[in-house]
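Please see the structure below; I have some questions.
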Amino acid sequence: MTNDLHPVDRPADHLENAIELKEVMGLSQGQIVRRRFLHHRGAIVGLIVLALVILLAYSSVGFSFLGLDVPGWWRWTITDLPDIVNSGDPSTVGGVIPWGIHPFGQDDVGHDVFAMVMKGTQTSIMVMIVVGVVAMVIGIVVGAISGYYRGWTDQALMRITDLFLTFPVIVVGAVLGKRFNEAPPWILAVVLGAILWMTLARLVRGEFLALREREFVDAARVSGARPARIIFKHILPNAMGVIIVQTTLLMSSAVLLETALSFLGFGINPPNVSLGWLVSNYQSAFSARPWLFWWPGLIIIILALCINFIGDGLRDAFDPRQKKVPSAKAMAKADSNAAAQTTPMFQRIVGFGRSKRGSSK
Amino acid sequence: MKPMITFLVRRLTTSALVVLISSFLMYFLVAIAVDPLSTLRASTMPTLAKQQQMAHLTAVLRLDEPIITRYFDWLKGASGCLYGQCNLGTNWKTHEAVTSMLSGAVVTTVQLVLLATVIAIVVGAAIGIISALRQYSGFDYSITFLSFLMYSLPVFWVAVMLKSFLAIDFNDFIQNGGQFSAGWIIGAALVTGLAVGAACGGGRARLLRIGGITAALVAALMLYSNVSDFFVRPSSGSPLDLIKVLLISVAIAFGVTTLSTGLRNRKALYTSLTVAAIGGGLYYPMLFFWNGVSGSWLLMIGLAVVSAAVGVGVGYAWGGTERSRSARTGAITAVLVAAVLFLDRLAQTWYDYTNSTWVHGRPIATSGDSTPNLAGSFWMHTTDLLTHIALPSITLVLVSMASYTRYVRASTLEVLNQDYIRTARAKGLTERTVIMRHAFRNALLPLASVVPVDILFILGGALITETVFGWSGMGHLFVQSLHEEILDPVMGYLLIVAILAPLANIVADVLYAVLDPRIRVDA
């Protein structure tokens, strides 16, 4: 069994602690977090893939920012209607790798699907960031005020939060999307941000309730700091871990929410392109042209998955109790050098401060 | 008991207030979101006629009055539901009352959501516990990755994919005689062998042994299915089918005993084997019985209760010092064996169902919640329901299972670190007893507070699955009415959800307090 709970300290525990201690020795909190994050394989892979997707989406079909049009390197745009080549099938190298004139194929009018998907990806990324920022700001403000001031302010704000949680977000999103789907996409993103902040607000409130009782807050208060200063300078930095982690998770659900709404017709509509709209628009063609909704779906999954992995990595990095579990190989290697690495004094300290984690394989 | 009543009263009062406020907010939002005049405005009819029609519609829908007066009128009708005179308004296009539109839709949605939730909990929790028991193993990492993947799946995309690939491929498979190809057999055997082997844990030798046995078993079953045309005619009530049912029942008896008391408890093992034998003995009498009565779900539930009682009786008849434990094992086995008999009877209609004039040999439906005008027995209709509910519920299970897996995994890991588990192990209890009796129950406890709230999430997911699969459920009604700018059905749906949400929270709190003696409810 892997879960035998042996009360006696075992060399494996010391090893883990030794590795951990070596990791944190003489480093600042920020450095520890950064190091741990960089050692989280899933998160790094997620980060790299996400960066590549963003780069591809924005460089290929170009974008316009503040009235400035940046052209892309891709030969088609979403408005081009080239002749249908090879009955719209994706052009590939060796039948597998998408490449050539229409790597993702063409739809029945001739639109290049690659250009459409890239434009939709841009929309998803924009929605993700705007929702993240809006929800984070609202969540922090509501949570901080309610956790710091407590009392009736807290009661009132938390009841409002509960009220927002009454309906599944997709239901409220559909009603609001119905109202705002003529507006530019960023307005819809702001609206979605305004209905996704609740869990964050609750978590921030919890953090504030705990942190405001700590000595350093008392010290700040005694030395005459005003509430705003205490909240932003003293408490907020300490709650940042929870906030960042929750915001990333929220961003991935924002991608899924926006595409789902666009799929239902309550989100982003033409002339703007959304991945959800592409799937919805092409779903009747799935038997003849499956590639039309393969790619949009795949991009949505890649975006959401990458962000979830980054969030997981951040959570592990920010959690002080989290220990990195060395692989079996690393453990065996460290085992052979165990005697040389761990001194008796060190063992005593580590043994004393051992965390409660029981299963240790 | 008293604090519980005070708690309930207080929570129900605040919930009523929440429903009032949220319904007002939603009424306001929906009223500004829908624009019944939009189609008229866009139409190309002469201006005069257009203006007349617009004025007429405005008057009918009272669009010129402030939203708040319209809300109070709506509320007056809705509050009639408290004394049995519901008036949730009408669909202004078809003049159908919202209450009658909802009544059928609610049943459809409840079927879907309940089935999906139950499957998601059972499968998700099982995988979560196994994953926790094998922490940091290859199996655990694979499950973690898979649950991340499921978290990231867009519901609508999964639904469209299942509809276009799984359903069509399965139907083709049935239509072509239901024969597995060699590639399929090898692939399925390898995958299940690997998964089961990894889930059982242990060293490489054990993995290979268990995985090999499982793979061989799967391959044999698939070959047998090819030979016996299982997918064409899964059961025909022949003596061969009786032997199959008996074999499955005995396997269930062993399985349940292993998990419930361990095979060393002979009395329990004999109990469940007796129950399995009784099930086999009842095979032909039951077939005779089904021909005599017209089935209904009420009858089935009654029979399940009767079989559980029989199981308990057998357990007590075997006696011994641990009678209650045998009785429990007997009851669980009896219900499962009864379910096997039920499924066998259902399987006997499969051939007639797939080849009926309504189905044309393509059983898995991709749209609608039932085959229109299907005539036939209870069994026919049940098969029809199952073939229709399969895809939407698989979709919902796929997207909602991951959270249960993660949740149960975390809580199992926490429970396994508790002192009482250490004590249980120190007492020399077997690993099975420690896991099943001490860890399992406590690990599932937190689910009591998650599930009721999670049902709301699944309800949101049902919105999309119902739309994709053309189910005439509440979610579909909501989406369609919102598209067609009809306010009242939308508000009907929102009202039901608005009532469900606080109710789910109360149920979660009460359930937790009942199950966990450490938690006390105080208002």
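Any Cβ shown, glycine's included, is placed from N, Cα and C.
Sharing the record's features from TrEMBL:
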type: DOMAIN; residues: A:121-311; note: domain 'ABC transmembrane type-1'
type: TRANSMEM; residues: A:44-66; note: transmembrane segment
type: TRANSMEM; residues: A:125-149; note: transmembrane segment
type: TRANSMEM; residues: A:156-177; note: transmembrane segment
type: TRANSMEM; residues: A:183-204; note: transmembrane segment
type: TRANSMEM; residues: A:235-257; note: transmembrane segment
type: TRANSMEM; residues: A:292-314; note: transmembrane segment
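Describe the structural context of each listed feature in the structure shown, including burial, neighbouring residues and relevant distances.
Long-range contacts of the transmembrane segment (A:125-149) within the same chain: residues 53-54, 57, 157-158, 160-161, 185-186, 188-190, 192-194, 196-209, 212, 227, 230-231, 235-236, 243, 246-248, 250-252, 254-255, 258, 303, 307, each at least 6 residues beyond the stretch ends and with a Cβ under 8 Å from a Cβ of the stretch.
Long-range Cβ contacts of the transmembrane segment (A:156-177) within its own chain (Cβ-Cβ under 8 Å, at least 6 residues beyond either end) map to 142, 145-146, 188, 191-192, 195-198, 201-202, 205, 253, 257, 260-261, 264, 266-267.
Long-range Cβ contacts of the transmembrane segment (A:183-204) within its own chain (Cβ-Cβ under 8 Å, at least 6 residues beyond either end) map to 123, 126-127, 130-136, 138-140, 142-144, 146-147, 157-158, 161, 164-165, 169, 172-173, 176-177, 239, 242-243, 246-247, 250, 253-254, 257-258, 261, 267-268, 272, 274.
With a threshold of 8 Å between CB atoms, the same-chain residues lying at least 6 positions outside the transmembrane segment (A:292-314) that come near it are 37, 40, 42-47, 49-50, 53, 104-105, 107, 113-114, 117, 120-121, 124-125, 128, 241, 244-245, 248-249, 251-252, 255-256, 259, 275-276, 278-279, 282-283, 285-286.
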